[in-house]
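Asker: The ATP binding site annotation in Swiss-Prot covers 165, 166, 167, 168, 169, 170, 171, 172, 173, 174, 175, and the record cites sequence analysis as its basis. Summarising the annotation, Swiss-Prot assigns transit peptide to 1-72.
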């Protein structure tokens, strides 16, 4: 797996107000506990810094309601890839119709929830800069949605340990929202069903309902129509994710999309082929690649170089969602030029594999954290 050279520790974003209460207790700097993990390969090292507020969150949850059967919760929030993505038309509401095979993968964030003494506001903190911690964040939107639908008056303190980069086409924010809905339901004693959570979630994001599948699904409409599927691939099939520092604006990608230049392959044919034959380059069609490559020409060059340098090591190389992550399925390792070329010194790298979940359980965190990058700056700055 790709690992990184020893970086300096960059500043973590943190909202101190998130840890103030009306009681005599207050936030202590001792709660900032950088966790360092090192691994070495090809003379490179990885340093991962994670803000860990466990002690504070645990105390708050216990103090709020000692009788509550569950007062705090730690959940894995995995991202997804689009194995294929067809854009089939434009709707009257301005959205596009799509048909896509979504699959959850083992790269993800960790979110910690605790009951809050507040009766009016959720408090969110995170370990990276550039991620909003107010009502713009999908986690807060999801919690507000849950209270609106159920009448619950419970609020939460949340810490988001972010590993999935933003602007990557991986659905990290959508996964966070789905995870928050699941957590709110658990911390309220399971007031509603999974199906209800899934139905509600489409009100705040088209990709969110997918995460209430079992991990693999054929999604249509805006993405909110979810047909659960059995896993079409071995779950241990490895892949590598390579995301350049530049992000693709989803709005700009769709603005440059020309429906007369999209693939003419029936998405149901793609689904049948991938189910029967597994992953191949011909199956991993993404109609958003041409407009994304127009927005970010270096992304097209990156994909071409990975295919050329892989020498058959990857079963397929393709872009996920609206970009800017390029996926290579079949190997967890990036091509050597990613290490050698100065142009790619700040890319985000992660190995991953497919994953699913059991009914009435959330996604389980993998035994090891696989995300890594080739610099501290790209590791810590997700803007």
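Using the three backbone atoms N, Cα and C, a Cβ is placed for every residue, glycine included.
Keep in mind that this is a model prediction, so the values were computed, not measured.
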Asker: Would you identify the secondary structure of residue 173 (ATP binding site) according to DSSP, in three states?
Answerer: helix
Asker: Other than 165, 166, 167, 168, 169, 170, 171, 172, 173, 174, 175 themselves, what residues in this chain have Cβ atoms within 8 Å of the centroid of the ATP site's Cβ atoms?
Answerer: 79, 164, 321
Asker: Looking at the binding-site residues 167, 171, 173, which sits with the largest number of other Cβ atoms within 10 Å of its Cβ?
Answerer: 171
Asker: Quick one: give me the count of other CB atoms within 10 A of the CB of residue 175 (ATP binding site).
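Answerer: A 10 Å sphere around the Cβ of residue 175 (ATP binding site) contains 26 other Cβ atoms.
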Asker: Among all the protein chains here, how many other CB atoms are within 10 A of the CB of residue 165 (ATP binding site)?
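Answerer: Result for residue 165 (ATP binding site): 27 other Cβ atoms within 10 Å.
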Asker: I'd like the number of other C-beta atoms within 10 A of the C-beta of residue 169 (ATP binding site), please.
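Answerer: Summing over all protein chains shown, residue 169 (ATP binding site) has 28 other Cβ atoms within 10 Å.
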Asker: Helix, strand or coil: which one is residue 165 (ATP binding site) in, per DSSP?
Answerer: coil
